[in-house]
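J.: I have a structure here, written as structure tokens, and I will follow up with some questions on it.
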Amino acid sequence: MEPHQNEATTASLTEKVTPAVKKTLLILHCILLSVGNSFGPIITRLYFLHGGHRIWLRGFVETVGWPFTLIILIALYFHRRVAGRNNGNNRPTKFIYIRRRLFIAAALIGVLTGLANYCYSFGFSHLPISTYAVINATRLIFVATFAFILVKHKFTPYSINSVVLLTVGSLLMALHASGDRPEGETKRDYVLGFFMTVVAAALYGFVSPLMELSFNKAKQEITYTLVLEVQMVMCLFATVFCMVGMIFNNDFKVISREAKDFGLGKTNYYVILSVSIILWQCFFVGSMGVIYYGSSFLLGVIATIQIPVMEIFAVTLFKEKFQSIKAVALVLSLWGFLSFFYGEYKYTKMKKVNTQSTLEVV
């Protein structure tokens, strides 16, 4: 046990932060998550609108930027090394902290993430971005449900109300789907895109609490460095999963031809792919940071509140029709978000009061 204790001490030596710094870091990761979650779908839809057809490629692009995380880990390593020496710590500075148990969990979650990325890409290829945004709000339903099952997060009347509202909003979209179908899109492809987007939302709703559970069961101290290592492993395996799909689908052989025929030009084709890589890495790094400094619930809430942003871009950039039924579904989704957020606020406040009361009694 002694070597593990030394590792934990070394890892946490420079990573323990004050509440103010923790709050700042949480806000920073919320911003990264918001940027990736708002603009990632926009740039993805842009790819499909102008002649992109490679669904596996789009799923691959969402996580292939994992080496960026390695750069951050290298910087953190040298920071720990210098800080350790300044504090008189002569033990060798470890570079990798993830152990086998957590590595296997991250790898499995990575495969699920790769599958979710493929499903999302399929949905992007057939759905208007405004429709995708409302359907994706169902992720909060799945996050709440799986968090209740996996990490025992309690349901409140507010969260139940939120689930009902989001469900009704999604059903409204499903019942009036035909009026929102893009020109040239078959009903079969549109319905399949709708279904695949719901499946992707369910997978991501499952992955977030599963990641939180993995941290809880890791049997090692969870530091920010470890969180980034988990995120890198997860994205690596998601990338490999989609890369296998690309190989079987012959995507690598046709990328140059697709770039040549792309509606916005060959250069813009590669620019769009490159920007996508950066935006989706913002999403994943932000997601892991929000789970670490906040919770999987907060991740679901932030993802939901981005809906109006995507709706605005859908109408202004892509000239999509914003029908009345879509407006009703959007209002229900935002109402559900506010209900959920208020319920979590009250629950956290009550929990804090109860903790303080217990400490006073002791």
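The chain as shown is numbered from 1 upward.
Cβ atoms are placed via backbone N, Cα and C, with glycine included.
Residues or ranges marked as transmembrane segment in TrEMBL: 25-49, 55-78, 102-123, 129-151, 158-178, 190-210, 222-248, 268-290, 297-318, 324-342.
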J.: Go through 25-49, 102-123, 129-151, 222-248, 268-290 and flag the stretch with the largest number of C-beta pairs under 8 Å relative to the transmembrane segment (55-78).
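T.: Ranking 25-49, 102-123, 129-151, 222-248, 268-290 by Cβ pairs under 8 Å to the transmembrane segment (55-78) puts 222-248 first.
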J.: Are there 3 or more C-beta pairs under 8 Å linking the transmembrane segment (129-151) with the transmembrane segment (222-248), counting only pairs at least 6 apart in sequence?
T.: no
J.: Take the C-beta pairs under 8 A between the transmembrane segment (190-210) and each of 25-49, 102-123, 129-151, 268-290, 324-342. Which stretch has the highest count?
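T.: Looking only at 25-49, 102-123, 129-151, 268-290, 324-342, the most contacts with the transmembrane segment (190-210) come from 129-151.
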J.: With a cut-off of 8 Å between Cβ atoms, can you find at least three pairs linking the transmembrane segment (129-151) to the transmembrane segment (268-290)? Only pairs 6 or more residues apart in sequence count.
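T.: Taking Cβ pairs at least 6 residues apart, the transmembrane segment (268-290) and the transmembrane segment (129-151) are not in contact, as fewer than 3 fall under 8 Å.
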